[in-house]
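Below is one structure; the comments refer to it alone.
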């Protein structure tokens with residue numbers, strides 16, 4: 001981590017808040033476990049992605065262990081603007097984590113939306129939407145202890161069945177100085193049900209800070225529709241970008257140039273084979289036949305993947 005990071009300090013970090021003043025919907029790469037790491041962020045930035053998040057990092061582990069810091073957080077001077085997402089349940093622990101990343105990132109995000117059982121059992125993620133005072137306390141602590149006024153502090157939430165509770169949570173966070181709120185338009189119990197974009201619209205109308213819409217956005221057309229439906233200031237995409245990292249640049253499916261770029265970037269970053277291969281499986285999902293998938297998905301080495309891409313696609 002540190003080797004990559006040293007030169008970052010010299011560069012002028014961009015302010016993500018400036019993006020929200022542009023009048024355009026900000027195009028955002030979501031925090032994705034295992035996937036939204038430096039190499040993938042580098043790729044989507046080439047294709048009109050404005051703002052990237054790291055995968056969720058457990059703040060307590062990050063603060064306690066140098067090994068966790070080195071494995072969980074890698075960046076470089078081109079990796080901006082960058083938001084580091086933390087899972088936390090104690091204000092001081094979140095502050096300590098924020099202080100560590102502050103010289104190298106443009107902001108932190110508190111995860112109040114992860115619905116996974118392990119996260120909820122530990123007091124992280126979506127259970128925080130039921131603890132607005134704790135969320136307010138964590139935001140306030142970071143605001144008070146980070147000297148840089150341009151360092152953003154955001155939260156990512158799910159919605160309550162009773163939307164008044166969500167609006168209350170957001171307004172309390174806004175009053176404490178949160179920079180923006182990302183709303184995944186489902187409750188903690190909902191998985192594949194339709195996203196409640198109407199709820200995101202109501203939250204947007206109740207707030208004066210930027211609101212980012214998230215959930216089931218697969219194409220640029222989807223992003224434009226959600227922007228129109230909700231009035232959101234930004235659009236955050238997860239699976240849609242995995243399937244097509246060039247989505248924000250207007251491509252309907254992953255272009256071969258993007259696959260070539262991924263190969264070059266992943267090899268340059270020393271991306272582990274499993275991650276390198278999984279990204280390609282996602283990216284080629286729509287452009288390969290079932291028969292081709294059967295062959296490609298069981299390849300077990302970088303050289304085998306490179307040979308296959310060269311033979312079949314000239315990549």
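Glycine residues also receive a Cβ, built from the backbone N, Cα and C atoms like all the rest.
Curation does not apply to TrEMBL; its annotations are automatic.
Taken from TrEMBL, the feature active site, proton donor applies to 114.
Per TrEMBL, FMN binding site is recorded for 31, 32, 33, 85, 184, 238, 239. Around the Cβ of residue 31 (FMN binding site), the same chain contributes 53, 54, 55, 56, 83, 85, 109, 111, 156, each under 8 angstroms and 6 or more positions distant in sequence.
The annotation domain 'DUS-like FMN-binding' is assigned in TrEMBL to 29-291.
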Which of 184, 239, all binding-site residues, has a Cβ with the fewest other Cβ atoms inside 10 Å: 239
Alpha-carbon spacing, residue 114 (active site, proton donor) to residue 239 (FMN binding site), which is rounded to whole Å: 15
Which of 33, 114, 238, all recorded positions, has a Cβ with the fewest other Cβ atoms inside 10 Å: 33
Number of other Cβ atoms within 10 Å of the Cβ of residue 32 (FMN binding site) across all protein chains: 19
